[in-house]
Amino acid sequence: MGRENAMLFLSMLLMGGIIGFVGAGGSGVIITLLVVGFGVPIHQALAVALGSMAFTTLSGAISHYREREVIPLTGAVLGTGGLVGALIGAVLSNHMQAPNLSLFTGVMLLSSACLLYLRIYQAEWLGRHIAVREELLTGRRLYLYGLPVGFVCGVLSGAFGIGSAAYIQIALMVVFGVPLLQAIGTTMMIIVPISISGGIGYVLYGQLEPLLFIQTLMALSVGSFFGAKLTHLAPLPVLRFWIVALPTIGGSIMIFFR
């Protein structure tokens, strides 16, 4: 058991370094590593991923807020919808059989990878086919659109343990008129209540293993801290490649090796 714990810690340390280096969430790859690499039950892996995400995105959201890269009201509205949705998603997840849940999680990861590919490599094509809102959405329509969009993203995150960052960012830019730089920070703000609420949902079902969670969180935090320091040394094409590759690899493994 001690050797397995050490291997898990070292693996998560390396994974944290990669995530920090690339600057992408990587929760799907964490789930894949836990389930396929270490035989952790899928529901426990989802609980650990959501719990870890709550801490990592909180620090990121605070940093972006200080740099004025967050639209607080938009984030609060979508975050409220996401909070409710994530709790419901966690309940739905706990009533799914493990093989089906692994399949759906893999599909979600691959769809997220496709969105990231379009945003990073096909930005011009995306701009021609999807009209981005020029003005920030405010007033009554912010609530009419924001609560259901946040709810749907929350259900997806709570059920499948991923942050839905790609979906949220696209929605913020296209539907809510949030500029790209602020969309990144606002997305982090929205994911905080989603991951906390989803994590609570798994705790209520007894799916969060404390030792596994602490090991994973510590290793990811240390690894991502050092990985982030190397980001500026990497060529931009390398970073772009790995941002798309991480969820692609994770999703493929979840589908074919579940």
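Glycine residues also receive a Cβ, built from the backbone N, Cα and C atoms like all the rest.
As given in TrEMBL:
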TRANSMEM  12-36  transmembrane segment
TRANSMEM  42-63  transmembrane segment
TRANSMEM  70-91  transmembrane segment
TRANSMEM  103-121  transmembrane segment
TRANSMEM  142-168  transmembrane segment
TRANSMEM  180-205  transmembrane segment
TRANSMEM  212-233  transmembrane segment
TRANSMEM  239-257  transmembrane segment
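Long-range contacts of the transmembrane segment (239-257) within its own chain (CB-CB distance under 8 A, at least 6 residues past either end) are made by residues 18-19, 21-24, 26, 28-29, 31-32, 35-36, 102-103, 105-110, 112-113, 116-117, 120-121, 231.
Long-range neighbours of the transmembrane segment (42-63) within the same chain, counting only residues 6 or more positions beyond its ends whose Cβ lies under 8 Å from a Cβ of the stretch, are 25, 27-28, 30-31, 34-35, 70, 86, 90, 93-94, 98, 101-102, 105, 157-158, 160-163, 185, 188-189, 191-192, 195-196, 198-199, 202-203, 205, 207-209, 212-213, 216-217, 220-221, 224.
Between the transmembrane segment (142-168) and the transmembrane segment (12-36) there are at least 3 Cβ pairs closer than 8 Å, counting only pairs 6 or more residues apart in sequence, which means the two stretches are in contact.
Contact check: the transmembrane segment (12-36) against the transmembrane segment (180-205) gives fewer than three Cβ pairs closer than 8 Å, residues 6 or more apart, which falls short of the contact criterion.
Listed as Cβ neighbours of the transmembrane segment (180-205) (distance under 8 Å, sequence separation of 6 or more from its ends, same chain) are residues 43, 46-47, 50-51, 53-54, 57-58, 60-61, 64-65, 67, 69-72, 74-76, 78-80, 82-87, 89-91, 93-94, 150, 153-154, 157-158, 161, 163-165, 168-169, 172-173.
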